[in-house]
Amino acid sequence: MNDTNIYSLEYAKTLDKQDELHAYRDEFYTKEGVIYFDGNSLGLLSKRAEKSVKMVMNAWKDNAIEAWTQTDNPWYYLSESLGEKMAPLVGANAKEVVVTGSTTVNLHQLVATFYKPQESRTKILADELNFPSDIYALKSQLQLKGYSANDHLIQVKSRDGHTINEEDIIAAMTDEIAIIVLPSVLYRSGQILDMERLTDAAHKHGIIIGFDLCHSIGAIPHKLDEWGVDFAFWCNYKHLNAGPGSLGGLYVNEKHFGENPGLAGWFSSDKEKQFDMKHELIPATDAGAFQIGTPHVLSAAPLIGSLEMFREAGIERIRTKSLKLTDYLLNLISKELQGYGFVVGTPLSEEQRGAHVFIEHEEAARICKALKADGVIPDFRAPNGIRLAPVALYNSFEEIFITITKLKKIMDDKRYKNYSNNRGVVA
Ligand SMILES: *Cc1c(COP(=O)(O)O)cnc(C)c1O
């Protein structure tokens with residue numbers, strides 16, 4: 001096939017025809033005339049997720065309190081049963097994963113559990129590009145232990161403003177570090193950190209290490225057990241399409257089973273003992289121990305249907321398609337958007353590239369507004385970033401082609417100048 005073909009609508013359509021996962025698009029509520037490239041912020045609703053919400057609503061309607069134990073997906077065991085279904089997505093065994101809390105709450109729980117400052121080993125290592133909530137949580141955990149975040153939170157610097165060099169992280173693993181918390185995929189540039197290598201290095205230095213999987217869960221395969229990662233946590237409303245504010249997830253390596261939860265509650269209990277209502281907690285002997293209170297059943301419900309699709313589609317196939325989508329997008333950007341002032345911040349190599357593409361432009365906020373007016377939903381990240389997330393289960397190559405065509409036209413017509421260059425309240 002020659003070059004002109006590759007950059008044509010026909011070529012995009014050919015790629016869609018060859019796509020094994022194309023049928024999943026019909027499982028989602030997409031909107032006619034709207035190209036949704038924001039699934040890494042809030043995944044779309046699927047028909048199966050909607051169905052599982054209705055199922056839970058009906059169980060509540062029909063069985064009320066009895067549904068805690070007597071329904072298709074008994075609520076009392078829902079966090080554990082969903083954890084079992086998620087385990088293959090992170091490369092864990094069923095007992096190591098539980099669906100509970102939220103990203104930030106689970107981070108608090110895991111740091112409260114595994115951060116044990118001793119003698120001169122008192123500091124937390126993170127990076128300077130992580131999501132603010134993670135950093136706020138780490139700072140408050142330090143303060144709770146009586147340390148100042150100013151000198152106890154070490155944030156590895158970025159050399160280029162987009163990525164973190166793994167050598168720099170490893171160089172910061174000193175004898176003063178008690179625990180390391182890093183993202184699997186950086187939320188802006190989409191860089192994947194080599195979790196295996198970093199875990200190995202951390203353990204050589206006697207340091208516990210955990211990862212925030214928000215931008216990799218449901219998009220990229222993980223092998224947390226094989227890599228020996230100590231703990232991980234994530235949200236389920238991005239690539240896993242479990243709905244706004246849906247229940248999150250956490251992983252604790254089985255070598256840490258028996259560790260007391262730093263933040264205990266009655267759902268930390270051994271499930272057989274929980275309703276003895278004793279004032280001495282007997283924690284679950286698996287990752288279930290890191291739950292706190294009653295699971296938010298209505299916010300877990302969409303995951304029941306959504307995870308079915310991930311099991312069928314398979315995370316390896318999802319990753320393969322996702323890389324093809326971002327490859328195609330990056331190719332079109334470099335071919336069609338030369339000379340318009342865009343800078344690509346996403347690592348180009350497949351090993352380092354997550355599931356979205358990040359481009360910068362000084363007019364990013366108003367360019368995003370012009371794209372929205374033209375039926376493309378991107379994701380603006382202040383001050384000057386545009387994230388485009390073509391999602392394997394519901395986006396197409398054709399949509400990528402159309403988006404870049406529209407974006408080029410917006411730049412040529414300078415249509416973005418019709419908008420103000422500042423962000424909305426939620427961006
Ligand atoms: C989305 C995201 C969060 C959000 O945390 P919540 O507790 O779910 O609000 C936190 N960290 C990272 C890296 C994220 O991408």
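From the backbone N, Cα and C atoms, a Cβ is placed for every residue, glycine too.
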Y77, Y147, Y237: which one does TrEMBL list with T103, T104, F131, P132, S133, D134, D212, H215, W266, T294 for the pyridoxal 5'-phosphate site? Y237
Restricting the comparison to the binding-site residues T103, F131, T294, which residue's C-alpha is spatially nearest the C-alpha of K238 (N6-(pyridoxal phosphate)lysine)? T103
Quick one: give me the count of other CB atoms within 10 A of the CB of T103 (pyridoxal 5'-phosphate binding site). 23
Site extent for pyridoxal 5'-phosphate (largest Cα pair distance over T103, T104, F131, P132, S133, D134, D212, H215, Y237, W266, T294, Å): 30
